[in-house]
Amino acid sequence: MDTTSPLLELRNVAKQFGGIQALVGIDFDVRPGEVHALVGENGAGKSTMMKILAGVIPEYEGTMVWKGRPVRLRNPRHALDLGIAMIHQELSVMPELTVAENIFLGRQPLRAGTVDWARMFREAEAVLAELGFDHVNVREPLERYPLGVHQLSEIARALTSGAELIIMDEPTSALSPMETRHLLELTRELAATGKSVVYISHFLEEVTWVADRVTVLRDGRKIATLEARKTDKQELVRLMLGKEAAFFEESYMSGRDVEDPHAGARPVLTLERLTRPRAFSDVSFTLHAGEILGLYGLIGSGHFELGEAIYGLHRPTAGRILLEGQPVPAGPRRAIDRGVAYVPPSRRSGLFLEKPIYQNVTLPWLAQISGLVPQVPKEVRVTDEVIRRVGVRPPDPQKEVLYLSGGNQQKVAIARWLVRPPKVFVVSEPTRGMDVGAKEEVMKILHELSEAGVAVLLISSEPETVLAASERILVMAKGRIVREFVGETVTKEQLLHAASGELAEAR
Amino acid sequence: MSTPNDDSPKPTPRWRAFLAKSREFAPVWTLLALILFFSVYSDSFLSLENAANILNQVALLAIMGTGITFVLLTAQIDLSVSYMATFAGVVAAYYTAGHLPQPWPIVAALLAAGALGWINGVGTARLGIPSFMVTLAMSLIASGLSLYLTRGRILFELPALSETLGSGRIFGVKWLVIVAALTLLVGHLVLKYTRFGRYVYMTGASPKAAELAGVNTKGVITAVMVIGALTAGLAGVVGIGRLGSATPTAFDGMLIDAIGAVVLGGTSLFGGVGGIPQTIVGLLILGVLRNGLDQVSVDIYMKTLITGIILLAALVFNILFAGRKEA
C-alpha cells in the first residue's frame, strides 16, 4: 500500500519568520483517499505548515509536489484552482445568506448573466444529500442552522469547487458532541470516496479515530508519522511534548505544602453553575484569598470567556458569580469598584499603545487619584511606583506604550492593577510571547500578590504557565470543567491529556 | 539572554518621531504657507482689518467646530450639526415671536438641540447604529422641524441677546468673535484638564481598552454627541443675530466647512488624537483660504473647487498618518 503515489508531498520544507525557525526540514505526504492528521502543541508549526499547503504563505524553502509535479502556490486562489481547499477554524460563512448561496459563494451558477437560482438550489441539495444531510433546506438562511451545518456548508463548498484535498483546521472545536461525531463520520466518508483530508486537531481521541496516519510536529520539526491504528493518545502526547515531559513530571506544584493548602482559606469568588451558550456551561468553583488557581484549556475551550464573564464584560445566561457572597453586577466599572482586576489575553486589546504609560496605568483610578481634574504629576508619581515594582523597562511613565517591548507592555497591563490591590485578579495569558526572564518576573508578581492575600485566577492555554504558578489547576474542555488537580504532582502530559478530551465521553 | 521573542527594548525610531512631529505641524505649515502666498499675491490681504474679518468669518464655524472636535475625538461623526444649528435658531426666533419672555426662547433652543444630540448619542452608543447614519437621519429631522415651525417663512423677531452676540461689538471687538473664543477655550479646558476630557481621548484611542479600564464608553459617546449638538445650538442662536433673521435653512450649508475645519487642523477621524488647538489652526486655514481667494483674482467659479481640493488633500493626509498608527 505504500506504493500508492502521494497526492501531495512536501520535501524538506522550511520557513523562517524574522530569524525564528517556524519549520525545519519537513517531509510530509498525503495519499489519495487518506485522512492525515497533524498534531502538535501551540507553536509547533502546524499553522505555518497548513498555510503553506493552502497557498497563504508563498515564500518558503523546499518543494511542494502536487500529483507528481512540483508546484509553488502563489495564493489561496491558486491552491483552490489546483484542488486544495482549506476550512478555517474561524468559519468564513455568511450567516445571512442561504445555505445554497454559502455553498456556491463567489461562483454561483449563472444564466444569461444572472444567478441561476433553480440550478444552484438543485446542485446544493444534491451535494448535501451526498453528504447525508438531506434534511437541510438549502433555501433557508444559514444562520437558522447550528454550527455543525455551517461547517458542513464549508465542506460542501470545497467539494463542489472540485477540491481533492481538504485541509480542516480544528474543525470540531466549536461543535457539540453530536455534531463532532457527524463531522468525523463525514470525514471518513470523504476519504472513502477518494478525497484526501489533512486534519488538524488538538483533540487526540478524535485524531486517532478519524485519521489513517498522524504526523507529530514539535518546535517546527517533524517528530514522527505514525499509523493511527497503531498509536494512542498517550504516545501522541509523549511525542508532542518530547523529552522535557519527564522534567515537568516532577517539577511543578511541589513549591508549596501539598495537603489542600487552602482548606481554611477564606473563599473570595464563587461561581455557581455559570453558563453562557457557545462559551462555557455549568461551571462551578471557588477561589480563595491568597490562592493562585490555574485555569487551563486549549484555545476555544471557553476559559478566556469565563474570565471576561467574571469581570462583567458580558452576562452569563445562567448561574451566579458571587464575590464575598454578594452577586457582582455587570460591567467592568462595578467589578473594579468591588475589587476585581482583569488582564485580557491579548495585551493589545487592553492597552492604549499611542498613549503614555501613566495614562494607561491610571485610567481606572482617575477619580480616586485626583477627582474631577486629573493631576498629571500625581498620576506620574503613582505610575512610577507601580511600574518600578513590576520592573517595566524603561521605567518612564511618560513613554508611549508603543515603544515598549511586548513583555514590558504586559507588565504595564499588570501594573495598572497594583495601584489598588484587588481582591480577585483574573489574568489571561500573562506571559505569552515573553522571554524566560520576563516570564519569571511576571510570575513573581503574581506570587507576591497571592502572598498579600489576593485571589489570583490564572487563565492560560500554555501548560507551562499554569503549572509554574498554580497550586490548584482546573482544566476546561469544550466549555466545561473536566478535571481538577489539587495538591498533587501534575505533569504537562496529564494536563494536555485532560484538555484534549475523551471522545468516548463526548459521545 | 535575549530569545527570539519581542522582549528586547525597542529604540524609538527616528523616522517615527519625525512623522509624529510632521503630523502635528503640517497644518501649521499649511496655514503659514497660505498666509505667505496671499500676502504676496494680494495687496489687501495682510492687514489688521482683514485679519479681524477672517476671525469674524470663522467665528460661527469655531463654535460648531468645538463640539465636532469632541465628537471626532471619540471616533464618531455628526452630520447633523449644521441642521441642528438652523433648528436652534428657528426655535429661538419662534418663541420670541410667540412672546415667551427672554431668555426662555434661547434656553428652549439650546435644550431642543441638546435633546436631538442625546438621541444621536443613544442611537450611536446604546443601539449601535453607526453615528454617520443616525446623524444623517437627524439632519432630516432637524431640517424638517425647522420647516414645520416656520412654515417655510423667514422669522425676523429675534431675541435681543442673539442680536447683541451676533452683530454687536464691545470695545471695538465683535461679540461673535468673543463668544467663539470662549467656546473654544471652555472646550480646550474640558478636553485637556478634566477627567471627562481624558475619557474622551481614551475612548477614541481604543474603545475596547477604555471599556476594559472601567470607562463608561457609552456614556462618553452619548455625552460628546450632546456637546456637539449644544455647540451647534449655540452657533444657531448667535448666528441668527448675525444674519438678522431665522430662516428654515440658515446654517445648513456650514456642515462641510465645520467638519472640514476640524479635520484640516489634524484631529484624527479615527479618534484619540487632536484637540482644540488643532481645530483653531484648521479654522484659520479655512478662513484664510476663503478670504484670500476673494482677494486674489481667482475665477470666482473656481473657489469651491480649490477649497474642495485642499480639503481632500487634508483628508488624504489624515488617513495616511492614521494608517501609521498600527505600524
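Just so you know, the numbers here start at 1 and follow the chain as drawn.
Note: Cβ is positioned from N, Cα and C throughout, glycine not excepted.
Nobody curates TrEMBL annotations by hand; they come from automatic prediction.
What TrEMBL records for B:25-42, B:54-73, B:104-123, B:129-150, B:171-191, B:220-243, B:255-288, B:300-321 is transmembrane segment.
By the Cβ criterion (under 8 Å, sequence separation of 6 or more), the transmembrane segment (B:171-191) is in contact with the transmembrane segment (B:54-73), since 3+ such pairs are found.
Three or more CB pairs closer than 8 A are found between the transmembrane segment (B:54-73) and the transmembrane segment (B:220-243), so contact between the two stretches is assigned (pairs 6 or more residues apart). Away from its own ends, the transmembrane segment (B:255-288) comes close to residues 23-24, 26-28, 30-31, 34-35, 38, 54-55, 57-58, 61-62, 64-66, 68-69, 72-77, 79, 81-83, 139, 184, 187-188, 191-192, 201-206, 307, 310-311, 314-315, 318-319, 321-322, 325 of its chain (Cβ-Cβ under 8 Å, at least six residues beyond either end).
Ranked by Cβ pairs under 8 Å to the transmembrane segment (B:220-243), the stretches B:25-42, B:104-123, B:129-150, B:300-321 are led by B:104-123.
Taking every recorded stretch in B:25-42, B:104-123, B:129-150 and counting its Cβ pairs under 8 Å to the transmembrane segment (B:300-321), the highest total belongs to B:25-42. Counting only same-chain residues 6+ beyond the ends of the transmembrane segment (B:104-123), those with a CB under 8 A from a CB of the stretch are 78, 80, 84-85, 87-89, 91-96, 129, 131, 134-135, 138, 141-142, 159, 161-162, 221-230, 232-234, 236-237.
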